[in-house]
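Worksheet for the structure shown next.
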Amino acid sequence: MSAQYHADEANIALEEDAKPIESEWDAWLQVLVSHLCVFNSFGFINAFGIFQQYYSTTLDLPPSTISWIGSSQVFLVYFVGTFSGRTLDLGHYRLTLFAGLSLQIVGIFTSSVSTQYWQLLLSQGICKGLGDGLVFCPAVANAATHFAGNKWRVMAISSVACGGATGGMVFPAIALTLLHRINFPWTVRIMGFVMLFNAFIILSLAASKPGKRKRGPLVEWKAFAEPPYLLYNISMFFGFIGVWLAYFYVRPFSRNVLHVSERTSFNLILLVNGVGVPGRLVPALIADRLLGPINTFIPVMLFAGAFLFIWISISSVAGVTVFTIFYGFFGAGVQSLLQAALASLNSDPKRVGIRIGMGFSVVGIASLIGSPIGGALIEKADGAYLYAQVFAGSMMVAGSFVLVAARVSKTGWKLRERV
């Protein structure tokens, strides 16, 4: 970071895209790059259950207050996508990645020295979240453009999304291994060094397809005049209000309600993210080979919502373990199919970045408010999780119903139509 570059060299290294990608191998290499981008962003976010419990204990603050750190991060990942997706369309992919990765590194290292709530909100919530938002949307959109019209498109995008699962296992594993051997600040710094290593790989290999879009508005409002796109975004708003609750609160639930050991609660975070790998790839394979992304998305979201209702009945370690496995699978499917289905609703590769970015912004607002509402409901119930579980489950089931309406508006009642 301290090395000096001439202005012309910096422009060449950061803003100029690499040579046109000509082989399938090169396209899959960009999937790896995007996977690492998601590893650095959503991998860390999916492990927020670690911080939710730790911050609540050490800062002596209510769950809803702590949730704003994680939900702000998720919101910025998606909301900033409206603008960062546009940079891919305009040919500034590598420059955007550099800016985002830099903010991620600054955010993680400053959070390691933060001791007050407002410092953590600014460093981990805002700074890290801004960096995630700059990196995430262009990375997903870039992978989608390389597989436009390809039968493996959904699988490629879902492989990118698997970065959220691999990162969601690595970061809790670091915390489980180091937190009691060194201390919290150095544990977070080790996580930062992992992100820094990934950043070097990303910037070394990242390349986008040639072809710039003419300058225009940041938002294509006419996209919302298309009923399938409008209904799809309404569906995602409902679904993503509820999807994060278990990721943030399964560890606090296991500690405060079931009174499990700290190691067991860490293992639940590892488990919910570990099953996220097949949870992203299996629905993607079904979508690619059999049903299409939206047809696959409907039952995946419905089952995720159903398991949030099943969570209400959990009263044992075995029960919460089974819940974590099944919810981790379907919750991961919701996260990965969001991106694949958004890409499938757009037929113009030059507009895929802005269309995905717009959809991400809608999802970001839902993600911002969902977990704090859940935390407030837990406080209202004096530490019981019933109200929060019913709220999150209802939102996801409602989202699956609206997704059916989006599907019907696109193809009618043709049940065998792949979409």
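Cβ atoms here come from the backbone N, Cα and C positions, even for glycine.
Per TrEMBL, the features are as follows:
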type	residues	note
TRANSMEM	27-45	transmembrane segment
TRANSMEM	65-83	transmembrane segment
TRANSMEM	95-118	transmembrane segment
TRANSMEM	160-180	transmembrane segment
TRANSMEM	186-208	transmembrane segment
TRANSMEM	229-248	transmembrane segment
TRANSMEM	294-314	transmembrane segment
TRANSMEM	320-345	transmembrane segment
TRANSMEM	357-378	transmembrane segment
TRANSMEM	384-406	transmembrane segment
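Using the rule of three or more Cβ pairs under 8 Å, pairs at least 6 apart in sequence, the transmembrane segment (357-378) is not in contact with the transmembrane segment (160-180). Beyond the transmembrane segment (95-118), the same-chain residues lying 6 or more positions past its ends with a Cβ under 8 Å from any Cβ of the stretch are 1, 14-15, 37, 40-41, 44, 55, 59, 61, 65, 84, 87-88, 124, 126-136, 138-139, 184-186, 188-189, 191-192, 195-196, 199, 202-203, 206. As a quick check, the transmembrane segment (384-406) and the transmembrane segment (294-314) clear the bar of 3 or more Cβ pairs under 8 A, pairs 6 or more apart, so the two touch. Distant neighbours of the transmembrane segment (186-208): 17-19, 21, 26, 29-30, 32-33, 36-37, 39-40, 44, 88, 91, 93-94, 97-98, 101, 104-105, 108-109, 111-112, 142, 145, 170-171, 174-175, 178-179; these residues of the same chain sit at least 6 beyond its ends, with a Cβ under 8 Å from one of its Cβ atoms. In this chain, the transmembrane segment (229-248) lies out of contact with the transmembrane segment (27-45); the count of Cβ pairs under 8 Å, excluding pairs fewer than 6 apart in sequence, is fewer than 3. Using a Cβ-Cβ cut-off under 8 Å and counting only residues 6 or more beyond its ends in the same chain, the transmembrane segment (160-180) has close neighbours at 31, 34-47, 49-50, 139-140, 143, 186-187, 190-191, 194, 263, 266-267, 269-270, 272-274, 276-277, 279-281, 332, 335-336, 339.
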